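Annotated in TrEMBL:
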TRANSMEM  23-45  transmembrane segment
TRANSMEM  66-87  transmembrane segment
TRANSMEM  93-116  transmembrane segment
TRANSMEM  216-236  transmembrane segment
């Protein structure tokens, strides 16, 4: 069974799961939710796929994330059951399409959020090496793995700087747009280069076999989730 790695997210996890299981679940949830319909066997598969990321967040004690995403689900389903039947014509089509898109894509987004937040780059690289993925694929993915969390940190830092200067959306929306978007765009331009340099510094692209202190492996929870995912794939194919 996998051990914790020192990441704050993983320290809270009741039972950590293998990165390969997380990737498989992310692909499963995203693909079937988007490609599948709403009738027939999908009436059973869809709730199961929606439950996967929520269960993983609960096991990681991410109570705020669970409440936030559950509230989003509740609002979408409430709109679908109450407001949508009252509308006709164009508004019914627009709202119905928006609700359909969000309900189909939200589970995959939540699963991707859990994957990125709960997996370190070292764990990801170790998992990819276990399944013999080429370095040409592993290196770009490892850079992307840290790209979005780094952007979020930069965005939060810019927001703190705006608060210190008393600049808010209500008081000065134009300045807020300028002072937040422009620095963020500049940061994004440099983040990719810095992460690529960091990956090379750590020897990710070295031709020799790398050692790794991450103790990853499959446990009972991995078997349960993989079996449930395979059952969903079988139902989807049928």
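Cβ atoms here come from the backbone N, Cα and C positions, even for glycine.
The structure displayed is predicted, hence computed values, not measured ones.
Sequence-distant contacts of the transmembrane segment (23-45) (same chain, at least 6 residues past either end, Cβ-Cβ under 8 Å): 52-53, 56, 104-105, 107-108, 111-112, 115, 127, 225-226, 229, 232-233, 235-236, 238. Under 8 Å from some Cβ of the transmembrane segment (216-236) lie the Cβ atoms of residues 1-2, 15, 17-21, 24-25, 28, 32, 35-36, 41-42, 44-45, 48-49, 52, 59, 123, 126-127, 130, all in the same chain and six or more residues away from its ends.
Listed as Cβ neighbours of the transmembrane segment (66-87) (distance under 8 Å, sequence separation of 6 or more from its ends, same chain) are residues 50, 53-54, 57-58, 95-96, 99, 102-103, 106, 110.
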